[in-house]
């Protein structure tokens, strides 16, 4: 047990020394901060659009109070060329609701949900998949397999790598989420300086989901994506093919059915997240949540078992 712990510590040290963990954490943080910044700009732009609509109503002699007290009916029609045309019968109310929505989802009380939803389902499949590839590949790249294999059975080294990935993911998520929440709160305070938020409907969203369950799922899925990259690299003994598979599957291949990984993740995602913010997860083909959770756990341990079995069977001296 102490030997495994010693190996895990060495692996996590290497992640710091090689800057793998630092680069992954910085990259995730920068993407999320940029997304928050974009959302704050959209909020300010939405308010500017609302002001223009309000000025137009006033100048044209229309009743602003009456417009704001009635609902905005929105109709979407699709043209033969595939473009969607949106028709709104109450533009002022539509713009008002849009500002209310942007204020609500960017509010620090909801910001953590925005961060979790965007990062877990859009960024993590790529970033942590590549993270797993890097962890599995560095002994191949730097020719240190023989040195480590002499000192320790390779499946034990592989187990230490997997455990170090868990620790690395935990460190990455704590640091990146903390920075993003802090930065997002500052950006929100700056963004609302010229927006009279008391005039808008701040109760447009309510979230009954459990933040602890959502954060736990975020970490678990990050581990799953890392294990996918790790196992593919163990199989192919190369970083190029696994990265191509990860990119092609996530970007270009649609959901292949109700038991496709994308669909299963979507089922679980909609159970634990509300997706009332700017990021919307694809609507899944119906599968029971219990079956989906079992499926995810099963394939996660399946990837761990596959990596350990391959490590035990494959010779590291060829």
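Every residue, even glycine, has its Cβ placed from backbone N, Cα and C.
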Select from 87-105, 239-257 the stretch of residues annotated by TrEMBL as transmembrane segment.
239-257
Which sequence-distant residues neighbour the transmembrane segment (111-138)? Criterion: at least 6 residues beyond either end, Cβ under 8 Å.
11, 14-15, 18, 20, 24, 27-28, 31-32, 35-36, 39, 105, 144, 161, 164-165, 168-169, 176-177, 180-181, 184-185, 188, 207, 209, 211, 214-215, 217-218, 221-223, 225-234, 238-239, 242-243, 246-247, 250, 265, 269, 273-279, 281, 307
In the same chain, which residue numbers or ranges, 6 or more beyond the ends of the transmembrane segment (159-184), come under 8 angstroms Cβ to Cβ?
4, 7-8, 10-12, 15, 21, 24-25, 28-29, 32-33, 36, 106, 108, 111-112, 114-116, 119, 128, 131-132, 135-136, 215, 218-219, 222-223, 226-227, 230, 304, 307-308
